[in-house]
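Asker: Below is a structure I'd like to ask you about.
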């Protein structure tokens, strides 16, 4: 077993001993927030981990990588990557009783950049994540209509037909791209602010502020609804979905394994990334949440329970989603067949009702044999149920196009629409609780704001500032900006932060010390599984994912999808390269959090060296006299 531990002078001065820990907890009882009960804590963690990605990204990955075959690498990496890192964050937060900045600077002053990087990522992800909630609210407000506004195309100005853009695409596409986003044809074409989205964005940030105004004291109450209601709605949709025609086609298609996909490196890469992102690791929110626990809370059991719930939710949500997609695909297949039947009837003046789906092929052969010239002039659509099922969709396309189209075909469609968008709202809001915690607590640890400022004021200023920056997502090009941040803000930075977290605990703090801490907190040492995954397996997996991701991204041109009614293959989205200036944005979004870690470490070492330049051992002395938050004592 690897026992390498890097030199870390002054650690004993920065970390309270186990004997002092319970005393500190009692002293903090009146000043530091704590959970009302264990259920609050678990629901908050589940709500933070289980988000929109479980509903609209995991099903897409299953469909793209061999259906049930994708479950194999997903579950393997969930055990070897997700659970160990989740346990580590829970345990280190509970042991040191601080937020992300306080935890890592306590372990070593040069590691304060890890906490700052987590804060940056939480800020940037929250910046666009709440915009998705604003879109959800817009659809929710429009759901109280019969018929639903996206169920049919609007008429043109002359009232002689449908609007051309809608007629060439579909009513759900038109409502999403034109009525909601009023999207431009380029990220460079910013356009103007869409006032209806701005109003919804205002509502979204107002609701979030009310729910987080006093930290866990208010979020702990909200999670009773936001973390449980999605499961109720998912169950209702599953029951309803199973009664719809073709639902089983979707479920069978989802879980039918294509074993050959297991030899595809991208399958394992996507599985590892999905496990990583679905746990909301490296944001700093989970560390803060666990710091409010009792010293002797069983963090090991918590990590296992949250992981099981997270994995189960992904599979459960995929089942629900594909029951609806199966219904949608069957409806489209039936429409396709009926269109072909109508084409044949009109082409040969056949009596209506004579040609059915069952005898269509027989009539085709008869018509072709009777009058091949007339038959050759007819154009038939290709109707294949698997083609409709395999049209992979993820993200906003699944929520605002595929699901909304399926809902329009259900009886009492406004009811199902209201339920669906309530579910998405709760999933998004509960995830934002963790993002806000990942920003507010580090700012308090950094002492940037005056200590006399109440948390309500700090939270309000953060919400207001982020809300103003988020105006960019209300422009005509807002969807393109959101996709850009979604692709780069929450990808590589989180991977690097998580790797640094595990390296810091195992090789800087010391895994043997960490084992003793956990034994003190839960009553027994971590078993061999935790030892192997923390020391070797999990860091190695993250390193491999990073290398694969880096190789893939470096070797391909940055592209994005645009909605252009003048595109020759419209209504397909057109893939175009990003403008050159976007590369600078990518460097800022993905590079700044990553560079914060080494830059702050170098700055800290240089500063300490300069302060002790006259002492041959100045660097060691400087580090050994660091305070708990990583700053030098006078």
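Cβ coordinates are placed from backbone N, Cα and C, and glycine is handled just like the others.
Positions annotated as N-linked glycosylation site by Swiss-Prot: 158, 182, 258, 354, 368. What Swiss-Prot lists as phosphoserine is 17, 627. Per Swiss-Prot, the feature topological domain 'Cytoplasmic' maps to 1-41, 87-119, 214-221, 290-304, 435-456, 512-531, 603-634; the stated evidence is sequence analysis. Annotation comment: Swiss-Prot describes 141-192, 243-268, 326-413, 478-490, 553-581 as topological domain 'Extracellular'. Taken from Swiss-Prot, the feature transmembrane segment applies to 42-62, 66-86, 120-140, 193-213, 222-242, 269-289, 305-325, 414-434, 457-477, 491-511, 532-552, 582-602.
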Asker: Between C-alpha atoms, which of these recorded positions comes nearest to residue 368 (N-linked glycosylation site): 17, 158, 182, 258, 354?
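Answerer: The smallest Cα gap between residue 368 (N-linked glycosylation site) and any of the recorded positions is with 354.
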Asker: So of 158, 258, 354, 368, which of the glycosylation sites has the fewest other Cβ atoms within 10 Å around its own Cβ?
Answerer: 158
Asker: Within the topological domain 'Extracellular' (243-268) only, compute the mean pLDDT.
Answerer: 88
Asker: Determine whether the transmembrane segment (66-86) and the transmembrane segment (414-434) share at least three Cβ pairs under 8 Å, counting only pairs 6 or more apart in sequence.
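Answerer: These two stretches do not touch.
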Asker: If one looks at the chain holding residue 182 (N-linked glycosylation site), which residues at least 6 apart in sequence have a CB under 8 angstroms from its CB?
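Answerer: The answer is 191, 194, 476.
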Asker: Given a Cβ distance threshold of under 8 angstroms, which distant residues of the chain, six or more beyond its ends, lie next to the topological domain 'Cytoplasmic' (290-304)?
Answerer: 21-22, 25, 32-35, 38, 41-42, 45, 83, 86-87, 89-91, 93-94, 96-99, 103, 216, 518, 521-523, 526, 530
Asker: Please report the distance from the Cα of residue 158 (N-linked glycosylation site) to the Cα of residue 354 (N-linked glycosylation site), rounded to the nearest angstrom.
Answerer: 38
Asker: Quick one: do the transmembrane segment (457-477) and the transmembrane segment (269-289) reach 3+ CB pairs under 8 Å, ignoring pairs fewer than 6 apart in sequence?
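Answerer: Output no: the transmembrane segment (457-477) is apart from the transmembrane segment (269-289).
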Asker: With pairs 6 or more apart in sequence, are the transmembrane segment (222-242) and the transmembrane segment (42-62) linked by at least 3 Cβ pairs under 8 Å?
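Answerer: Per Cβ check, the transmembrane segment (222-242) touches the transmembrane segment (42-62).
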Asker: Expressed to the nearest Å, what is the distance separating residue 258 (N-linked glycosylation site) and residue 354 (N-linked glycosylation site) at their Cα atoms?
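Answerer: Roughly 40 Å, rounded to the nearest whole number.
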